[in-house]
Amino acid sequence: MQAIMALDKENLPLHVAITMDGNGRWAQAKKLPRTSGHDEGLRTAKRIVKAARDIGIKYLTLYVFSTENWKRAEQEVGFLMNLIHTHLCAELAFYKENGIRVRHIGNFEALPASIQKDIKQAMDDTADFKGMTVNLAINYGGRDEIIRGIKKIIENKVSPDQLDEKTFSSYLDMPECPDVDVLIRTGGEQRLSNYLLWHVAYAEQIYTDTLWPDYSNEEFYSHIEAFQHRNRRFGAEKPASKKGK
Ligand code: IPE
Ligand code: IPE
Ligand code: MG
């Protein structure tokens, strides 16, 4: 049976986050430059956005570029920035046609001015869409997000007794999004790599050896199904009710 058929449409994760890893190894295995892996990875990302939209996922967060990825060769970083720029310009129509709201998470101020402009344009043009939200994590680091949040809290003179988990979340990069329900990572590594540290507190985690450019819709749906079979207890002795999310 196709994985999509096995899905329980009443029990979809509200928020799916993906660490799209393995582009470089995919290219190297084919004796291609690492940058070809990023080109192919972008095609996969677009396909998975559509696959998620088709089953009604409300929030999809994609790890595009981390605060640590600046350590890579200048040529690779330049290529990635250019790819992000081209994608945001060329695909704005796709996001609009599909009623997808685009948001950015990460350190905006430290991005090149041209990328800031593209992000702003994409966010402004899609701000009113209600269907699905795609959060693009570009120059994103979980620790950096938390530090920037704390700075805003201090600037706003929030008093200790006003500060609880809900208030703290509201100072982070995606205040309107629910916590991550499932975190999927391709590429074989089983680590967080500084992704969404606050938001994955109770996320189910799914790791696959598949390199991101090879990640199929079928495997994506099988991961959503695997999520549906997890027993989420949130610290209680019994699984939380799956209905009424
Ligand atoms: C993920 O693929 C994309 C980015 C981090 C930008 P990698 O480029 O990390 O690919 P591997 O892990 O080296 O194969
Ligand atoms: C995480 O992958 C970042 C993105 C996918 C954008 P990395 O390849 O940078 O992570 P590490 O270096 O394996 O931890
Ligand atoms: Mg990697």
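Quick reminder: no glycine exception, Cβ is built from N, Cα and C everywhere.
Listed in TrEMBL:
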BINDING   ASP21, GLU204  Mg(2+) binding site
ACT_SITE  ASP21  active site
BINDING   22-26, ARG34, HIS38, 66-68, TRP70, ARG72, ARG185, 191-193  substrate binding site
ACT_SITE  ASN69  active site, proton acceptor
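Features recorded in TrEMBL, as mapped to the structure shown.
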{"residue": "ASP21", "record": "Mg(2+) binding site", "DSSP (3 states)": "coil"}
{"residue": "TRP26", "record": "substrate binding site", "DSSP (3 states)": "helix"}
{"residue": "HIS38", "record": "substrate binding site", "DSSP (3 states)": "helix"}
{"residue": "THR67", "record": "substrate binding site", "DSSP (3 states)": "coil"}
{"residue": "ARG185", "record": "substrate binding site", "DSSP (3 states)": "strand"}
{"residue": "LEU192", "record": "substrate binding site", "DSSP (3 states)": "coil"}
{"residue": "GLU204", "record": "Mg(2+) binding site", "DSSP (3 states)": "strand"}
Neighbouring binding-site residues, C-alpha within 10 angstroms of ASP21 (Mg(2+) binding site) - of THR67, TRP70, ARG185: ARG185
C-alpha spacing of GLU204 (Mg(2+) binding site) relative to THR67 (substrate binding site), in angstrom: 24
Neighbour-count leader, CB within 10 A, binding-site residues: TRP26, TRP70: TRP26
Binding-site residues close to ligand 2 - of ASP21, THR67, TRP70, GLU204, only those whose C-beta is under 6 Å away: ASP21
Rounded inter-Cα distance in Å - ARG185 (substrate binding site), GLU204 (Mg(2+) binding site): 11
Cβ under 6 Å from ligand 1: qualifying binding-site residues of GLY24, THR67, TRP70, ARG185, LEU192, GLU204: GLY24
